[in-house]
């Protein structure tokens with residue numbers, strides 16, 4: 001069996017948007033990202049190894065985004081869909097150039113193994129490290145929590161700045177055991193992080209069957225079997241209130257989530273948002289204010305913004 005491979009040369013600005021679009025809208029079997037910055041940082045990440053950039057084949061100027069589809073998928077239709085999406089993202093002021101798209105077919109077994117070469121240990125903080133299941137790792141500190149992860153076919157490996165901002169927000173908020181809702185869980189990484197950091201209970205929601213499966217499998221990989229999983233759109237049909245609501249999703253979807261927060265957040269609860277491009281921050285700020293929420297902390301990594309949010313108090 002072969003897979004249809006769509007490669008897009010673009011920028012860091014649109015990585016999350018392309019991954020979400022490919023997985024959720026186009027139902028890609030999987031996605032992969034090759035970032036120039038990953039190779040430039042290789043010395044810091046991997047025992048100070050010296051990397052000659054000229055020796056790396058087909059190194060992207062910034063980002064090479066790859067999506068995999070069933071062999072029977074119409075390549076021309078997929079190219080058109082991605083071109084339209086890039087045009088839409090450019091309309092938001094995001095950098096999409098060069099925007100070159102190429103098509104190829106690869107053997108199925110290549111997808112299952114080759115992409116893992118680009119995914120390594122991430123020492124997120126003093127208290128958290130993200131470790132792919134196929135790598136050995138000894139914690140940097142005795143009490144450092146390890147999140148074992150096989151991202152499989154779901155969105156969220158821990159590599160991207162938006163995921164890391166969300167995890168740092170969870171770590172900051174978790175000063176005592178909290179009830180947590182992870183909205184748009186993807187691979188389950190944020191739900192697992194909350195559990196590892198001492199959450200009282202965790203609910204993970206997503207609209208995708210693939211995400212539900214990946215989150216359950218990744219939780220089991222970490223010996224966790226009590227994260228509640230619910231297939232739903234955002235917090236629709238979710239019962240109860242939570243001390244902490246976390247969402248690392250696109251700004252346009254966060255705008256749909258904001259009106260749902262009040263009925264699902266405990267009185268003194270907190271909200272962590274990530275996935276916000278700085279150009280879209282004003283829209284989020286306005287929507288939060290209109291729904292009686294305030295921003296307590298802004299975090300930034302590159303052009304991405306993370307927010308710690310609570311109710312306004314007179």
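Backbone N, Cα and C atoms are what each Cβ position is placed from, and that goes for glycine too.
In the three-state DSSP classification, residue 248 (S-adenosyl-L-methionine binding site) falls within a strand. Its Cβ placed at the centre, residue 248 (S-adenosyl-L-methionine binding site) has 30 other Cβ atoms within 10 Å. If you look up Swiss-Prot, you'll see 163, 184, 206, 248 marked as S-adenosyl-L-methionine binding site, on the strength of sequence analysis.
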Where residue 184 (S-adenosyl-L-methionine binding site) sits in the secondary structure, as DSSP reduces it to three classes: coil
Three-class DSSP secondary structure - residue 163 (S-adenosyl-L-methionine binding site): helix
Protein Cβ atoms within 10 Å of residue 184 (S-adenosyl-L-methionine binding site), excluding its own: 26
